[in-house]
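Quick look at what TrEMBL lists:
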TRANSMEM  12-30  transmembrane segment
TRANSMEM  50-72  transmembrane segment
TRANSMEM  81-99  transmembrane segment
TRANSMEM  105-126  transmembrane segment
TRANSMEM  133-152  transmembrane segment
TRANSMEM  164-183  transmembrane segment
TRANSMEM  221-241  transmembrane segment
TRANSMEM  253-273  transmembrane segment
TRANSMEM  279-304  transmembrane segment
TRANSMEM  316-339  transmembrane segment
TRANSMEM  345-365  transmembrane segment
TRANSMEM  393-414  transmembrane segment
DOMAIN    430-646  domain 'Endonuclease/exonuclease/phosphatase'
Amino acid sequence: MVAHPALEDRPVTPGAVGASVALLAVLTATCLELVRTSGPLIDLAFSSGLATAAITALGTFVAAGVFVLVLAARRPLDGRVLLLGVTALAVGRLASQALDGPLRYGITLATVALSLAVVLVAASVVGRVSGTAVAVAVAGGALGSAALNLLLATWDAVWRTGPVGWAVPVVLALTSLVLAWRLRALPAAPAVRGLWVLGPFLSLAVSTFANPAFIASQSGAHLAFAGLTIVITTVGVTTLMTRSLVDVSAIPGRFDGALVAVLVLAPVGLFFARDWPGAASPAVSVLVLVCVVLLGTSATVALAQALTRPVHRQTALRLGGSASCAGLGVILPLLVYQLDYEVPLGVPNALVPVLVALILAVMGLRARRLARALQDEISVVAQPLTHGTVRPVAALVGLLAVVGTVVAAVPSSAAEAADEDPTSVRLLDWNVHYGVNAEPGVDLDAIVQVIDASGADLVTLQEVSRGWIMGGGADMAAYLADQLGMDYVYSPAADQQFGNAILWKPHLGDVSDVEQTGLPFGMGPQKRSAVSATFDIDGTALRVTSVHLQHRVQNTPTRIDQLETLLAAEPVEGAYVLAGDLNAEPGWAETRLLERSGLVSAQDEAGQPTALTFPSTSPDSRIDWVYGSDVSFSDVEVIATSVSDHRPIVATISVAP
């Protein structure tokens, strides 16, 4: 075992410490944006089967090790290799912004792997300072990525085509290049062990405490509270990382158990405190937000302590192996969590992030006990960081989060006022496929444009993503409502991040009797739900429901059971509209059941019955419906668009006087 290099020849000078920490933070922020980007791309592979999706996902992230070997081929792992990797990453990220089609797909997935490789190379440089330095830089980058995502209203720059879309990657690329240039003269040196543990940490971060849309949807709080939570987490991490919490000689043994308990119980509270599919009470919302802060801070402390280990001579092969293992650590939890929605695991998939947190806790515990046993024989990486090193990164992350919080709190579009009470409403129903289009890409503004052009003042949506990595991590409900000047109610389905929503323009007034109805699981594979609300239309109460039924062809018995449950909870009485993706075609048992219940199809009554809705690019099925009772339909149309994998239905609805 080798003594800590900072105690010997100091390969990282004091002036380079700040630059290396800042560089790793910027690279981590870039990496997490690309991890979110990989979700919609891997989703395309799911259309070819689970095996194809698994191979694509695993191959992409394991390839991080291959990129390390390519970067360091016949070269010492020094500042020049770091500069080469940063340069390649900048080119790849900008290419992802510029390209489209199949070329973009391949280049972007390769850049995802490259970003993780460069993070590991940079971490090996920062690891010469201390494991704490690596932890604070990676945590700062993760929280910075979350703050930037919040500032962009959770719709990442990579999917945007305007000035904002280009400004973000250009600034990140230039910043990382300038910092890497400053470090180009660093010689090769021993570095900290166990860098593979960055993978599980990044996976936990991108899916939970560094995911604003997840925080908002999981807590049931406004997106602005997610920003406030990120600010508090940043302060907590900064405070803890500038103290000697990783100095094993200063930590009593009982602290080990306390950290493990906090790190494991925080995700338990985060995922299991809420009932499904009902709305969260204020107390539960606060509890979830507190759990987010505890998870972010305790995971960072555990990471720092997991990296408080004897150093070793760093080689390309060792670092490449660590990068591939880190890649698996990132993607496996995300993949297994998502797999549950196609092949149920038999246990709650929320146990996956709990297990990841436990892995971090165990690795930290193992490293601390090893360091205690060997501290009289060897030097270990256990130096606290100075405020001067941490403060610039923390200040920038905090500033971005504060500005993002303000942006989230202030509506970006003013609601249009109506001169008089409406006598009819224009309704649009749409399965928006968690924001992913056929390219694949995430174009939330295109969804806004379709809804706006339809003239709809009432919108029922299914497959709404609120933090799903498969949907790019966006909070679709909040973004669409904000851009359209609408209000919304939401009901989780598969999980709190994926469900149904109703949006409406404020001139329709306040809604009442909002209900989230959980539907029978039946044959599976996903939990389904419906959300209902009552509107006052010219003095008449109009009950509106957005619903999504089980999707497999053979699931007819389950869909019948789901419809019967929904109709029992929301009986057809008075003016009534039921809209959604029923995954059932004309003449099937499901549609006959609705007709026997007194509901009439808008498309059959006042539209083109032959117009198909799925798939959007070349439709061969009609599985999306708008039904009503004690209402009349007119101007019913199926809109031809490929923004989602479904086509929307729009109809004018008039209530009986």
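Residue numbering: from 1, along the chain as shown.
Glycine residues also receive a Cβ, built from the backbone N, Cα and C atoms like all the rest.
Caution: TrEMBL annotation is automatic and unverified by curators.
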For the transmembrane segment (345-365), distant same-chain residues with Cβ under 8 A (at least six beyond the ends): 194, 197, 200-201, 203-204, 207-208, 256, 259-260, 263-264, 266-268, 270-272, 295, 299, 301-306, 333, 336-337, 339, 495
Segment-segment contact (the transmembrane segment (164-183); the transmembrane segment (81-99)) at 3 or more Cβ pairs under 8 Å: yes
Selection from 50-72, 253-273, 279-304, 393-414, the stretch that has most Cβ pairs under 8 A to the transmembrane segment (133-152): 393-414
Candidate ranges 50-72, 81-99, 105-126, 221-241, 279-304 - greatest C-beta contact count to the transmembrane segment (253-273) (under 8 angstroms): 279-304
Same-chain residues at least 6 beyond the ends of the transmembrane segment (279-304) whose Cβ lies under 8 Å from its Cβ atoms: 131-132, 134-136, 138-139, 143, 197-198, 201, 204-205, 208-210, 215, 218-221, 225, 229, 232-233, 236-237, 240-241, 245-246, 259, 262-263, 266-267, 269-270, 273, 357, 360-361, 363-364, 514, 516
